[in-house]
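Working notes, beginning with the structure itself.
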Amino acid sequence: MLEVLKERNFPYDELLLVASEKSVGKSIDFDGKMYQVIGLSEAVSQNPNIAIFSAGGSTSLEWAPKFAEVGTRVIDNSSAWRMDPSKKLIVPEINADLLEKDDRIIANPNCSTIQMVMALAPLHKKYGVKRVIVSTYQSITGTGIKAVQQLENESKGVEGEMVYPYPIHKNALPHCDIFEENGYTKEEMKLVRETKKILQDNHIKVTATAVRIPVVGGHSESVNIELGSPFSLEDIKELLNNTNGVTVKDNTFGNSYPMPIFAEGKDEVFVGRMRVDETNENTLNMWIVADNLRKGAATNTIQIAEYLIDKKIY
Ligand code: 11C
């Protein structure tokens, strides 16, 4: 978050760095200046204009309303508020125009959803998306630092804490987040539910399989999309090429396609391997890759904050 704030030259008069009690008092260097970490109550009492939350869901459920009460606009990275009908789920390139002065708690979508809807939104507008079948290949950074350590330990043959139920080194786990009652994981159901909410269309059918792989640079997705009307691949490529935040990398015979090693550290969503699905009418396949910590999290959140500032909604 701090890296992205600095890179984008985010406009601010005052910056508060806030964390749980055990980190209060720590010093953090940001842009050449030292900041002392403060606690949540202290931050609420300072009544900030915008609060960027990147804590767990339970912290967010408890504290976002306290900030909202004092007039702060909270942009929340957790899953706590995403499906609350009274809260907006925002990907700025798609639906920031929904934001109004009364929106005090704004939800940032899940990383795997953000990169997928970035490619689906222009297609939905032009052709209507009827059905999506997505399989993900997700970076261990989505789980957090302990997963990065697990992979490092396993690759060096060192014993250590395991956050996954199985080794992740040289493995693929069809298991991201917890299982829900229907047998799908929470990650898979986020792709289903959040896509409908962001594209504002409950008729879009989405089915997902989310897989964790031993990769750090970003999430990849194989996406099969059935459209409501005929298309040409050239038109789809042009449409996506002209979509803000999307980069088409699709020269199959030149071995040019998106990969996490290229997406890492970048803010765009990369799309390639576009092919007509020859088994189903009006259907195509594509491969979507993005840095899950960037457009999937920090960048999207900070873009929302920039929108609020730009439109003076704070
Ligand atoms: C993962 N998508 O890769 C998750 C991480 O709901 O914000 C982010 C979880 C969330 O495991």
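One-based numbering along the chain as shown.
The backbone N, Cα and C atoms fix where each Cβ goes, glycine too.
Now, the feature entries from TrEMBL:
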type	residues	note
DOMAIN	1-102	domain 'Semialdehyde dehydrogenase NAD-binding'
ACT_SITE	CYS111	active site, acyl-thioester intermediate
ACT_SITE	HIS219	active site, proton acceptor
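Annotated pair the residue listed as 'active site, acyl-thioester intermediate' and the residue listed as 'active site, proton acceptor', C-alpha to C-alpha distance, rounded: 8 Å. DSSP gives HIS219 (active site, proton acceptor) a strand state. Confidence annotation: the domain 'Semialdehyde dehydrogenase NAD-binding' (1-102) carries a mean pLDDT of 97 in the model.
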